[in-house]
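One structure is given below, encoded as C-alpha coordinates.
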(Lines of atoms letter the chains of each structure in order from A and count residues from 1; the text may use other names and numbers.)
(Lines give C-alpha, C1' and ligand atoms only; values in the text may rest on other atoms or scores of the structure.)
Protein backbone atom coordinates (compact mmCIF):
# COMPACT_ATOMS: atom_id res chain seq x y z
CA UNK A 1 0.00 0.00 0.00
CA UNK A 2 1.26 3.50 -0.79
CA UNK A 3 2.42 5.64 2.12
CA UNK A 4 -0.60 6.20 4.33
CA UNK A 5 -1.57 9.76 5.17
CA UNK A 6 -4.40 10.66 7.48
CA UNK A 7 -6.00 8.51 10.17
CA UNK A 8 -5.22 4.81 10.00
CA UNK A 9 -5.44 1.52 11.87
CA UNK A 10 -1.97 0.28 12.83
CA UNK A 11 -0.65 -2.13 15.46
CA UNK A 12 2.97 -1.04 15.22
CA UNK A 13 6.15 -2.94 14.32
CA UNK A 14 5.89 -4.42 10.82
CA UNK A 15 2.09 -4.62 10.75
CA UNK A 16 0.09 -2.98 8.00
CA UNK A 17 -1.19 0.58 8.23
CA UNK A 18 -4.75 0.62 6.93
CA UNK A 19 -6.16 4.07 6.09
CA UNK A 20 -9.67 4.71 7.37
CA UNK A 21 -10.21 6.33 3.97
CA UNK A 22 -10.90 2.71 2.92
CA UNK A 23 -14.22 2.89 4.76
CA UNK A 24 -15.07 6.37 3.52
CA UNK A 25 -14.71 5.01 0.00
CA UNK A 26 -16.96 2.07 0.88
CA UNK A 27 -19.65 4.44 2.15
CA UNK A 28 -19.30 6.48 -1.02
CA UNK A 29 -19.70 3.36 -3.16
CA UNK A 30 -22.79 2.35 -1.22
CA UNK A 31 -24.40 5.77 -1.64
CA UNK A 32 -23.68 5.75 -5.36
CA UNK A 33 -25.39 2.36 -5.72
CA UNK A 34 -28.37 3.44 -3.66
CA UNK A 35 -28.82 6.68 -5.62
CA UNK A 36 -29.03 4.62 -8.82
CA UNK A 37 -31.78 2.45 -7.33
CA UNK A 38 -35.18 3.84 -8.42
CA UNK A 39 -36.77 2.49 -5.23
CA UNK A 40 -34.62 4.77 -3.07
CA UNK A 41 -36.34 8.08 -2.37
CA UNK A 42 -34.63 11.40 -1.81
CA UNK A 43 -33.92 11.98 1.85
CA UNK A 44 -33.10 8.35 2.63
CA UNK A 45 -30.72 7.59 5.49
CA UNK A 46 -28.88 4.30 6.07
CA UNK A 47 -28.82 3.11 9.69
CA UNK A 48 -26.41 0.34 10.71
CA UNK A 49 -25.96 -1.09 14.18
CA UNK A 50 -22.56 -2.38 15.26
CA UNK A 51 -21.85 -5.44 17.31
CA UNK A 52 -22.19 -5.62 21.08
CA UNK A 53 -20.01 -7.20 23.72
CA UNK A 54 -21.19 -10.61 24.89
CA UNK A 55 -20.54 -12.64 28.03
CA UNK A 56 -19.80 -16.32 28.46
CA UNK A 57 -23.25 -17.75 29.23
CA UNK A 58 -24.44 -16.53 32.67
CA UNK A 59 -21.00 -15.36 33.84
CA UNK A 60 -19.37 -11.94 33.76
CA UNK A 61 -16.49 -13.25 31.62
CA UNK A 62 -16.32 -11.27 28.39
CA UNK A 63 -15.97 -12.98 25.02
CA UNK A 64 -13.28 -11.25 22.94
CA UNK A 65 -15.15 -8.71 20.80
CA UNK A 66 -14.98 -8.70 17.03
CA UNK A 67 -16.98 -6.12 15.07
CA UNK A 68 -20.10 -7.04 13.09
CA UNK A 69 -18.99 -7.39 9.48
CA UNK A 70 -21.37 -5.03 7.65
CA UNK A 71 -20.68 -2.33 10.23
CA UNK A 72 -16.94 -2.86 9.90
CA UNK A 73 -17.16 -2.65 6.10
CA UNK A 74 -18.87 0.73 6.34
CA UNK A 75 -17.10 2.34 9.31
CA UNK A 76 -14.00 0.36 10.36
CA UNK A 77 -14.87 0.95 14.02
CA UNK A 78 -13.30 -1.47 16.50
CA UNK A 79 -15.35 -0.50 19.57
CA UNK A 80 -18.61 -2.26 20.50
CA UNK A 81 -22.03 -0.73 21.06
CA UNK A 82 -21.99 1.81 18.21
CA UNK A 83 -24.37 2.91 15.46
CA UNK A 84 -23.62 4.58 12.16
CA UNK A 85 -25.86 6.56 9.83
CA UNK A 86 -25.21 7.68 6.26
CA UNK A 87 -27.18 10.35 4.41
CA UNK A 88 -27.62 8.81 0.96
CA UNK A 89 -28.06 12.17 -0.80
CA UNK A 90 -24.98 13.87 0.63
CA UNK A 91 -22.83 10.97 1.81
CA UNK A 92 -22.44 12.63 5.21
CA UNK A 93 -21.82 10.05 7.92
CA UNK A 94 -22.41 10.18 11.65
CA UNK A 95 -21.01 7.74 14.19
CA UNK A 96 -22.87 7.19 17.45
CA UNK A 97 -20.77 5.94 20.37
CA UNK A 98 -21.90 4.85 23.85
CA UNK A 99 -22.00 7.45 26.61
CA UNK A 100 -19.85 5.70 29.20
CA UNK A 101 -20.21 5.98 32.99
CA UNK A 102 -17.40 7.46 35.07
CA UNK A 103 -16.67 4.00 36.53
CA UNK A 104 -15.55 2.86 33.06
CA UNK A 105 -12.31 4.80 33.56
CA UNK A 106 -11.50 2.75 36.66
CA UNK A 107 -11.95 -0.65 35.09
CA UNK A 108 -11.43 -0.18 31.36
CA UNK A 109 -9.31 2.93 30.88
CA UNK A 110 -9.66 6.44 29.55
CA UNK A 111 -13.06 7.63 28.39
CA UNK A 112 -12.52 9.25 25.01
CA UNK A 113 -14.35 12.31 23.77
CA UNK A 114 -16.57 12.49 20.71
CA UNK A 115 -13.83 14.54 19.06
CA UNK A 116 -11.41 11.63 19.57
CA UNK A 117 -13.65 9.28 17.59
CA UNK A 118 -14.30 11.91 14.94
CA UNK A 119 -10.57 12.20 14.33
CA UNK A 120 -9.81 8.49 14.74
CA UNK A 121 -12.34 7.40 12.11
CA UNK A 122 -12.43 10.60 9.99
CA UNK A 123 -16.18 10.96 10.50
CA UNK A 124 -18.28 13.97 9.56
CA UNK A 125 -19.92 13.94 12.98
CA UNK A 126 -19.95 11.92 16.19
CA UNK A 127 -22.79 11.82 18.72
CA UNK A 128 -23.81 9.55 21.59
CA UNK A 129 -26.04 6.54 21.05
CA UNK A 130 -28.67 7.92 23.43
CA UNK A 131 -29.05 10.86 21.03
CA UNK A 132 -29.75 8.88 17.87
CA UNK A 133 -33.51 9.49 18.01
CA UNK A 134 -33.17 13.25 18.39
CA UNK A 135 -30.39 13.55 15.80
CA UNK A 136 -32.35 11.60 13.18
CA UNK A 137 -35.52 13.55 13.99
CA UNK A 138 -33.67 16.80 13.28
CA UNK A 139 -32.51 15.44 9.91
CA UNK A 140 -36.11 14.71 8.87
CA UNK A 141 -35.38 11.62 6.75
CA UNK A 142 -37.97 10.40 4.27
CA UNK A 143 -37.10 6.81 5.20
CA UNK A 144 -34.55 4.88 7.22
CA UNK A 145 -32.86 2.07 5.30
CA UNK A 146 -32.08 -0.77 7.71
CA UNK A 147 -30.28 -4.03 7.07
CA UNK A 148 -32.21 -7.28 6.95
CA UNK A 149 -31.39 -10.26 4.76
CA UNK A 150 -30.33 -13.88 4.75
CA UNK A 151 -26.71 -14.99 4.67
CA UNK A 152 -26.70 -17.69 1.98
CA UNK A 153 -23.84 -19.59 3.66
CA UNK A 154 -25.28 -19.82 7.16
CA UNK A 155 -28.99 -19.34 6.47
CA UNK A 156 -29.04 -16.82 9.33
CA UNK A 157 -30.67 -13.39 9.14
CA UNK A 158 -28.42 -10.42 9.82
CA UNK A 159 -29.31 -8.17 12.71
CA UNK A 160 -31.48 -5.18 11.83
CA UNK A 161 -30.74 -1.86 13.53
CA UNK A 162 -33.07 -1.00 16.38
CA UNK A 163 -33.17 1.83 18.91
CA UNK A 164 -35.66 3.52 21.19
CA UNK A 165 -37.86 5.73 19.04
CA UNK A 166 -37.31 4.03 15.69
CA UNK A 167 -41.01 3.22 15.42
CA UNK A 168 -41.88 6.83 14.68
CA UNK A 169 -39.79 6.78 11.48
CA UNK A 170 -40.68 5.21 8.17
CA UNK A 171 -38.38 2.19 7.82
CA UNK A 172 -37.50 0.07 4.78
CA UNK A 173 -35.59 -3.14 5.52
CA UNK A 174 -35.55 -4.70 2.03
CA UNK A 175 -33.57 -2.26 -0.12
CA UNK A 176 -30.25 -2.02 1.72
CA UNK A 177 -29.16 -5.65 2.07
CA UNK A 178 -28.75 -6.60 -1.62
CA UNK A 179 -27.03 -3.30 -2.38
CA UNK A 180 -24.45 -3.42 0.43
CA UNK A 181 -23.83 -7.13 -0.20
CA UNK A 182 -23.02 -6.41 -3.84
CA UNK A 183 -20.64 -3.66 -2.77
CA UNK A 184 -18.83 -6.14 -0.54
CA UNK A 185 -18.41 -8.64 -3.40
CA UNK A 186 -16.11 -6.28 -5.30
CA UNK A 187 -12.96 -5.23 -3.48
CA UNK A 188 -11.31 -1.83 -3.81
CA UNK A 189 -7.56 -1.45 -4.23
CA UNK A 190 -7.24 -0.56 -0.55
CA UNK A 191 -9.16 -3.66 0.49
CA UNK A 192 -6.99 -5.81 -1.77
CA UNK A 193 -3.89 -4.47 -0.04
CA UNK A 194 -5.21 -5.69 3.31
CA UNK A 195 -6.04 -9.10 1.85
CA UNK A 196 -2.54 -9.32 0.37
CA UNK A 197 -1.21 -8.65 3.86
CA UNK A 198 -3.39 -11.29 5.55
CA UNK A 199 -2.21 -13.78 2.94
CA UNK A 200 1.42 -12.77 3.35
CA UNK A 201 1.44 -13.31 7.11
CA UNK A 202 -0.67 -16.46 7.00
CA UNK A 203 1.49 -17.92 4.22
CA UNK A 204 4.62 -17.28 6.30
CA UNK A 205 2.95 -18.96 9.27
CA UNK A 206 2.07 -22.03 7.17
CA UNK A 207 5.70 -22.29 6.06
CA UNK A 208 6.84 -22.15 9.70
CA UNK A 209 4.41 -24.96 10.54
CA UNK A 210 5.69 -27.10 7.67
CA UNK A 211 9.25 -26.67 8.92
CA UNK A 212 8.31 -27.48 12.52
CA UNK A 213 6.02 -30.50 12.18
CA UNK A 214 7.46 -33.76 13.48
CA UNK A 215 6.09 -37.24 14.01
CA UNK A 216 4.93 -37.55 17.63
CA UNK A 217 3.70 -33.97 17.94
CA UNK A 218 0.11 -33.17 18.81
CA UNK A 219 -1.93 -31.49 16.11
CA UNK A 220 -2.70 -28.62 18.47
CA UNK A 221 1.00 -27.82 18.80
CA UNK A 222 0.97 -26.78 15.15
CA UNK A 223 -2.25 -24.84 15.63
CA UNK A 224 -0.53 -22.99 18.47
CA UNK A 225 2.54 -22.25 16.36
CA UNK A 226 0.42 -20.88 13.51
CA UNK A 227 -1.61 -18.59 15.75
CA UNK A 228 1.49 -17.42 17.63
CA UNK A 229 3.22 -16.46 14.40
CA UNK A 230 0.18 -14.62 13.04
CA UNK A 231 -0.26 -12.65 16.26
CA UNK A 232 3.38 -11.96 17.13
CA UNK A 233 4.48 -11.12 13.59
CA UNK A 234 1.26 -9.89 12.01
CA UNK A 235 -0.83 -8.36 14.79
CA UNK A 236 -3.58 -10.90 14.15
CA UNK A 237 -5.42 -11.36 17.44
CA UNK A 238 -8.21 -13.28 15.73
CA UNK A 239 -8.12 -16.23 13.37
CA UNK A 240 -10.51 -16.12 10.43
CA UNK A 241 -12.04 -19.43 11.60
CA UNK A 242 -11.26 -22.38 13.84
CA UNK A 243 -7.96 -23.94 12.78
CA UNK A 244 -8.23 -27.34 11.07
CA UNK A 245 -5.12 -29.42 11.80
CA UNK A 246 -6.00 -32.88 10.56
CA UNK A 247 -3.48 -35.71 10.41
CA UNK A 248 -3.99 -39.26 9.16
CA UNK A 249 -7.67 -40.10 8.79
CA UNK A 250 -8.56 -36.75 10.38
CA UNK A 251 -7.41 -35.08 7.18
CA UNK A 252 -10.62 -36.37 5.58
CA UNK A 253 -12.82 -34.63 8.17
CA UNK A 254 -13.76 -31.45 6.35
CA UNK A 255 -14.33 -29.24 9.40
CA UNK A 256 -12.09 -31.02 11.88
CA UNK A 257 -10.82 -29.03 14.86
CA UNK A 258 -14.18 -28.33 16.50
CA UNK A 259 -14.82 -28.80 20.24
CA UNK A 260 -15.61 -32.48 19.81
CA UNK A 261 -12.40 -33.14 17.86
CA UNK A 262 -10.03 -30.36 19.00
CA UNK A 263 -6.88 -31.05 16.98
CA UNK A 264 -5.75 -33.49 19.67
CA UNK A 265 -4.43 -36.50 17.76
CA UNK A 266 -0.76 -37.49 17.92
CA UNK A 267 0.79 -37.25 14.46
CA UNK A 268 2.04 -40.63 13.21
CA UNK A 269 4.77 -41.62 10.78
CA UNK A 270 3.25 -42.03 7.32
CA UNK A 271 0.37 -39.61 7.96
CA UNK A 272 -0.78 -37.01 5.51
CA UNK A 273 -1.44 -33.68 7.23
CA UNK A 274 -4.11 -31.27 6.03
CA UNK A 275 -3.81 -27.90 7.79
CA UNK A 276 -6.46 -25.30 6.95
CA UNK A 277 -5.69 -22.07 8.82
CA UNK A 278 -5.96 -18.34 8.20
CA UNK A 279 -5.19 -15.23 10.22
CA UNK A 280 -7.43 -12.16 10.35
CA UNK A 281 -6.21 -8.55 10.43
CA UNK A 282 -8.59 -5.67 11.15
CA UNK A 283 -11.48 -8.04 10.36
CA UNK A 284 -10.07 -9.00 6.94
CA UNK A 285 -9.70 -12.74 6.45
CA UNK A 286 -7.38 -15.24 4.83
CA UNK A 287 -8.09 -18.91 4.15
CA UNK A 288 -5.21 -21.22 3.22
CA UNK A 289 -4.89 -25.00 3.22
CA UNK A 290 -1.61 -26.88 2.94
CA UNK A 291 -1.34 -30.67 2.67
CA UNK A 292 1.95 -32.49 3.26
CA UNK A 293 3.42 -35.73 4.65
CA UNK A 294 4.12 -35.68 8.37
CA UNK A 295 7.61 -37.14 7.94
CA UNK A 296 8.59 -34.78 5.14
CA UNK A 297 8.66 -37.34 2.33
CA UNK A 298 5.75 -38.26 0.05
CA UNK A 299 5.04 -41.93 -0.57
CA UNK A 300 4.07 -42.92 -4.11
CA UNK A 301 0.37 -43.00 -3.18
CA UNK A 302 0.54 -39.67 -1.33
CA UNK A 303 2.31 -38.09 -4.27
CA UNK A 304 -0.26 -39.42 -6.74
CA UNK A 305 -3.22 -38.02 -4.81
CA UNK A 306 -1.47 -34.75 -4.02
CA UNK A 307 -0.42 -34.10 -7.60
CA UNK A 308 -3.95 -34.87 -8.80
CA UNK A 309 -5.26 -32.07 -6.58
CA UNK A 310 -2.41 -29.76 -7.55
CA UNK A 311 -3.20 -30.32 -11.22
CA UNK A 312 -6.86 -29.41 -10.70
CA UNK A 313 -5.97 -26.37 -8.58
CA UNK A 314 -3.69 -24.96 -11.23
CA UNK A 315 -6.06 -25.81 -14.07
CA UNK A 316 -8.84 -23.87 -12.36
CA UNK A 317 -6.62 -20.88 -11.61
CA UNK A 318 -5.32 -20.93 -15.17
CA UNK A 319 -8.87 -20.85 -16.51
CA UNK A 320 -10.14 -18.07 -14.25
CA UNK A 321 -10.99 -14.77 -15.93
CA UNK A 322 -13.97 -12.44 -16.21
CA UNK A 323 -17.03 -14.13 -17.68
CA UNK A 324 -16.13 -17.64 -16.51
CA UNK A 325 -19.02 -19.45 -14.80
CA UNK A 326 -17.93 -20.84 -11.43
CA UNK A 327 -19.86 -24.15 -11.76
CA UNK A 328 -17.79 -24.84 -14.88
CA UNK A 329 -14.66 -24.58 -12.73
CA UNK A 330 -16.09 -27.22 -10.38
CA UNK A 331 -16.77 -29.48 -13.37
CA UNK A 332 -13.21 -28.93 -14.57
CA UNK A 333 -11.79 -29.94 -11.18
CA UNK A 334 -14.03 -33.01 -11.01
CA UNK A 335 -12.93 -34.21 -14.45
CA UNK A 336 -9.26 -33.85 -13.59
CA UNK A 337 -9.71 -35.70 -10.29
CA UNK A 338 -11.51 -38.56 -12.03
CA UNK A 339 -8.81 -38.79 -14.70
CA UNK A 340 -6.10 -38.95 -12.04
CA UNK A 341 -7.95 -41.46 -9.85
CA UNK A 342 -8.31 -43.65 -12.92
CA UNK A 343 -4.59 -43.26 -13.54
CA UNK A 344 -3.83 -44.49 -10.00
CA UNK A 345 -6.07 -47.52 -10.58
CA UNK A 346 -8.72 -46.61 -8.00
CA UNK A 347 -11.23 -46.03 -10.80
CA UNK A 348 -11.64 -47.59 -14.23
CA UNK A 349 -13.92 -46.97 -17.16
CA UNK A 350 -15.01 -43.97 -19.18
CA UNK A 351 -14.29 -40.64 -17.51
CA UNK A 352 -17.22 -39.15 -19.43
CA UNK A 353 -19.46 -41.79 -17.87
CA UNK A 354 -18.03 -41.01 -14.43
CA UNK A 355 -18.82 -37.33 -14.95
CA UNK A 356 -22.38 -38.19 -15.97
CA UNK A 357 -22.74 -40.26 -12.80
CA UNK A 358 -21.49 -37.32 -10.68
CA UNK A 359 -18.77 -39.54 -9.28
CA UNK A 360 -16.59 -36.55 -8.45
CA UNK A 361 -18.85 -35.69 -5.51
CA UNK A 362 -17.78 -38.90 -3.76
CA UNK A 363 -14.16 -37.76 -3.45
CA UNK A 364 -14.92 -34.01 -3.18
CA UNK A 365 -18.20 -33.50 -1.30
CA UNK A 366 -17.68 -29.77 -0.73
CA UNK A 367 -17.75 -26.84 -3.13
CA UNK A 368 -14.74 -25.51 -5.00
CA UNK A 369 -14.34 -22.23 -3.14
CA UNK A 370 -16.08 -19.15 -1.82
CA UNK A 371 -15.88 -15.38 -1.70
CA UNK A 372 -13.36 -14.00 0.78
CA UNK A 373 -13.22 -10.62 2.48
CA UNK A 374 -14.33 -9.33 5.85
CA UNK A 375 -15.87 -12.75 6.40
CA UNK A 376 -14.03 -15.93 5.51
CA UNK A 377 -17.18 -17.11 3.73
CA UNK A 378 -17.92 -13.66 2.39
CA UNK A 379 -21.36 -12.52 1.34
CA UNK A 380 -22.83 -12.37 -2.16
CA UNK A 381 -22.66 -15.95 -3.36
CA UNK A 382 -26.30 -16.21 -4.35
CA UNK A 383 -27.90 -12.84 -5.07
CA UNK A 384 -31.39 -12.66 -6.50
CA UNK A 385 -31.40 -14.32 -9.92
CA UNK A 386 -28.52 -16.70 -9.19
CA UNK A 387 -29.88 -20.13 -8.29
CA UNK A 388 -28.18 -23.05 -6.59
CA UNK A 389 -27.77 -26.02 -8.96
CA UNK A 390 -29.36 -29.14 -7.52
CA UNK A 391 -26.77 -31.72 -8.61
CA UNK A 392 -24.25 -33.68 -6.54
CA UNK A 393 -21.14 -31.56 -6.09
CA UNK A 394 -22.66 -28.44 -7.62
CA UNK A 395 -25.26 -28.03 -4.89
CA UNK A 396 -22.37 -27.59 -2.44
CA UNK A 397 -21.00 -24.57 -4.30
CA UNK A 398 -21.04 -21.40 -2.21
CA UNK A 399 -21.59 -19.37 -5.37
CA UNK A 400 -22.79 -20.03 -8.89
CA UNK A 401 -21.90 -16.62 -10.30
CA UNK A 402 -19.92 -15.57 -13.35
CA UNK A 403 -16.53 -14.18 -12.39
CA UNK A 404 -15.92 -10.44 -12.55
CA UNK A 405 -12.86 -8.28 -11.82
CA UNK A 406 -12.47 -7.40 -8.15
CA UNK A 407 -14.00 -10.60 -6.82
CA UNK A 408 -11.79 -12.44 -4.31
CA UNK A 409 -12.32 -16.18 -4.04
CA UNK A 410 -10.69 -19.26 -2.63
CA UNK A 411 -9.76 -22.10 -4.97
CA UNK A 412 -9.78 -25.26 -2.86
CA UNK A 413 -10.12 -28.58 -4.67
CA UNK A 414 -9.60 -31.73 -2.65
CA UNK A 415 -9.67 -35.51 -2.82
CA UNK A 416 -10.76 -37.36 0.31
CA UNK A 417 -11.28 -41.00 1.21
CA UNK A 418 -14.30 -40.74 3.51
CA UNK A 419 -15.47 -44.18 4.60
CA UNK A 420 -19.20 -43.58 4.73
CA UNK A 421 -19.22 -41.88 1.30
CA UNK A 422 -17.17 -44.70 -0.18
CA UNK A 423 -19.49 -47.29 1.38
CA UNK A 424 -22.51 -45.50 -0.10
CA UNK A 425 -20.84 -45.39 -3.51
CA UNK A 426 -19.96 -49.08 -3.41
CA UNK A 427 -23.56 -49.89 -2.51
CA UNK A 428 -24.85 -47.92 -5.50
CA UNK A 429 -24.53 -49.86 -8.79
CA UNK A 430 -24.31 -46.58 -10.73
CA UNK A 431 -21.09 -45.77 -8.85
CA UNK A 432 -19.74 -49.15 -7.79
CA UNK A 433 -19.08 -50.20 -11.38
CA UNK A 434 -16.20 -47.69 -11.62
CA UNK A 435 -14.29 -48.73 -8.49
CA UNK A 436 -11.44 -51.21 -8.29
CA UNK A 437 -12.12 -52.39 -4.76
CA UNK A 438 -8.72 -53.95 -4.19
CA UNK A 439 -6.88 -50.76 -5.09
CA UNK A 440 -9.38 -48.62 -3.19
CA UNK A 441 -8.77 -50.66 -0.05
CA UNK A 442 -5.17 -49.46 -0.08
CA UNK A 443 -6.41 -45.89 0.38
CA UNK A 444 -8.81 -46.57 3.24
CA UNK A 445 -7.56 -44.51 6.18
CA UNK A 446 -5.45 -42.33 3.87
CA UNK A 447 -7.40 -39.22 4.84
CA UNK A 448 -7.45 -36.47 2.28
CA UNK A 449 -5.63 -33.74 0.40
CA UNK A 450 -6.83 -30.18 -0.08
CA UNK A 451 -4.97 -27.28 -1.66
CA UNK A 452 -6.49 -23.89 -0.96
CA UNK A 453 -5.38 -20.63 -2.52
CA UNK A 454 -6.79 -17.11 -2.25
CA UNK A 455 -7.08 -15.29 -5.57
CA UNK A 456 -8.47 -12.05 -6.96
CA UNK A 457 -10.08 -11.92 -10.39
CA UNK A 458 -8.36 -9.35 -12.61
CA UNK A 459 -9.34 -7.81 -15.94
CA UNK A 460 -7.78 -10.68 -17.90
CA UNK A 461 -7.17 -13.50 -15.42
CA UNK A 462 -6.35 -13.75 -11.75
CA UNK A 463 -3.76 -12.73 -9.15
CA UNK A 464 -2.64 -15.33 -6.62
CA UNK A 465 -2.46 -13.84 -3.11
CA UNK A 466 -1.19 -16.95 -1.30
CA UNK A 467 2.53 -17.80 -1.28
CA UNK A 468 3.37 -21.25 0.09
CA UNK A 469 5.32 -24.25 -1.28
CA UNK A 470 3.02 -26.25 -3.54
CA UNK A 471 4.91 -28.76 -5.65
CA UNK A 472 6.12 -32.02 -4.09
CA UNK A 473 9.71 -30.87 -4.49
CA UNK A 474 9.03 -27.47 -2.89
CA UNK A 475 7.21 -29.02 0.07
CA UNK A 476 9.91 -31.62 0.75
CA UNK A 477 12.60 -28.93 0.55
CA UNK A 478 10.71 -26.64 2.93
CA UNK A 479 10.12 -29.44 5.43
CA UNK A 480 13.82 -30.30 5.30
CA UNK A 481 14.58 -26.75 6.42
CA UNK A 482 15.72 -25.45 3.05
CA UNK A 483 15.07 -21.73 2.57
CA UNK A 484 15.49 -21.97 -1.19
CA UNK A 485 13.10 -19.66 -2.99
CA UNK A 486 10.16 -21.20 -4.81
CA UNK A 487 8.02 -19.85 -7.62
CA UNK A 488 4.29 -19.46 -6.90
CA UNK A 489 1.90 -20.36 -9.69
CA UNK A 490 1.16 -17.49 -12.03
CA UNK A 491 -1.76 -17.68 -14.42
CA UNK A 492 -2.85 -14.99 -16.87
CA UNK A 493 -3.22 -11.64 -15.13
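Heads up, the Cβ atoms here are built off N, Cα and C, so glycines get one too.
The N-acetylalanine annotation in Swiss-Prot covers 2.
What Swiss-Prot lists as phosphoserine is 167. For residue 167 (phosphoserine), the Cβ neighbour count at a 10 Å cut-off comes to 8, with all displayed protein chains included.
Annotation comment: Swiss-Prot describes 255, 287, 377, 398 as dipeptide binding site. Under 8 Å, Cβ to Cβ, and six or more positions away along its own chain, residue 255 (dipeptide binding site) finds 242, 244.
Annotation source Swiss-Prot lists Mn(2+) 1 binding site at 276, 287, 452. The number of other CB atoms found within 10 A of the CB of residue 452 (Mn(2+) 1 binding site), across every protein chain shown, is 22. Mapped onto three states, the DSSP output places residue 452 (Mn(2+) 1 binding site) in strand.
Counting Cβ atoms from all protein chains shown, residue 287 (dipeptide binding site) has 27 others lying within 10 Å of its own Cβ. The Mn(2+) 2 binding site annotation in Swiss-Prot covers 287, 370, 412, 452.
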Euclidean distance between Cα atoms of residue 398 (dipeptide binding site) and residue 370 (Mn(2+) 2 binding site), Å: 5
Candidate recorded positions 167, 287, 377, pick with smallest Cα gap to residue 452 (Mn(2+) 1 binding site): 287
Candidate recorded positions 167, 276, 412, pick with smallest Cα gap to residue 287 (dipeptide binding site): 276
Largest CA-to-CA spread of dipeptide binders 255, 287, 377, 398, angstrom: 16
Shortest C-alpha distance to residue 276 (Mn(2+) 1 binding site) - which of the recorded positions 167, 377, 398, 412: 412
Secondary structure of residue 377 (dipeptide binding site) (DSSP, helix/strand/coil): coil
Close in space, distant in sequence - residue 412 (Mn(2+) 2 binding site), Cβ under 8 Å, 6 or more apart: 287, 289, 313, 366, 368, 369, 450, 451, 452, 453
In three-state DSSP terms, the structure that residue 398 (dipeptide binding site) belongs to: coil
